[in-house]
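Annotated in TrEMBL:
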type	residues	note
BINDING	H131, H133, E138	Mn(2+) binding site
BINDING	H133, E138	oxalate binding site
DOMAIN	83-234	domain 'Cupin type-1'
Amino acid sequence: MVTKGKLLVGFVSSNQDSNRLFSKVLKRGDVFVFPIGMIHYQMNVGRTRAVAFAGFGSQNPVYVNGKFCKDPRRVTANDFYTSGLNVPGNTSTGPGAKITAVDVERMPGLNTLGVGMARIDFAPGGLVPPHTHPRASEIFLVMKGKLFVGFVSSNEYNYTLFTKVLYPGDVFVFPKGLPQFHANVGKTNTVVIAAAGSQNPGRIIIGDAVFGSKPLIDPKVLAKAFALDLDKVKYLQAVFS
Ligand SMILES: *[C@@H]1O[C@H](CO)[C@@H](O)[C@H](O)[C@H]1NC(C)=O
Ligand SMILES: *[C@@H]1O[C@H](CO)[C@@H](O)[C@H](O)[C@H]1NC(C)=O
C-alpha cells in the first residue's frame, strides 16, 4: 500500500501466460498485489519521496494454478498417463534446447499432486536461458552428454553462484524460485530427465519477462534498473519481443 508519493509498479506473468505485463501508477492509499514468484518492479515517478508498506503472503500462498479438479466419476487411467518421452525434442529452434514437460496441462491427473517432470534435449551448444520456476524446486538426472548448470542464491546469501558440470548419471537440484541456467557444453546432444515439486512449476525466462513483456515495461524503468542507455533497452526490447 502506498502511503506517500506516486509509484509506477508492474509484474510480468510467466511464459505460459505470454509474459503479460500488468502495470499501474499508484497514488496514496492505493493497494497492489504482486503474485508469488513473478518478476516485478516499483519506481518512484513522482516529484516527492514515495513510501509503501508491503505484506508478504509466505504463510499461505495462493498459487496461480488455475486448474479445476475433474469430476472423479469421469477420471480414467489416461488422466494419469502420458507417453512419448522416448522421442527427442526438436532442438532446432530458439537457443537449442527443447523442454518436453509433463505437467498438469499434459497429464490432468497431476492436478494437486505436487509433482511433475520433463525431458530436456539440448543440441551441442544448446541452452535453457536464465529462468526461474516460481512454484517448484527441480532435480535433474543427466542421461547423456555434458551439461553446465548453475543457480544464483537470493540477496540474503549475497547472490552466490553455484555451478557444476554434469555427466551421465549425475544429479543436481535447483532450489525453488532461484534463477538457474543449463548449457550443453559437450560435443553431442545432451538429454536430461527433470522432476519438479509441482504439477505446474511455471517458467519465467528472465530475459523474456524483463525485455519481452506484453506490453513492454517502460524503457525508463529498465534503463535505470540495469544502468543502460535507453537505446540499448529499446534494442533489447526489440530482440526479446
Ligand atoms: C524441427 O523444427 C524445425 C523448425 O520449426 C522444422 O523445420 C523441422 O522440420 C523440425 N524437425 C522435426 C524432426 O520435426
Ligand atoms: C554476505 O556478505 C556479508 C557482507 O560481506 C557477510 O557479512 C555475510 O556473511 C555474507 N553472507 C553469506 C551467507 O555469505
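Note: Cβ is positioned from N, Cα and C throughout, glycine not excepted.
Automated prediction, rather than curation, is the source of TrEMBL annotations.
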Greatest C-beta neighbour count within 10 angstroms, which of the binding-site residues H131, H133: H133
Other C-beta atoms that fall within 10 angstroms of the C-beta of E138 (Mn(2+) binding site): 22
Residues close to Mn(2+) site centre defined by H131, H133, E138, Cβ within 8 Å: T132, A136, F174, Q180, A196, P201, G202, R203
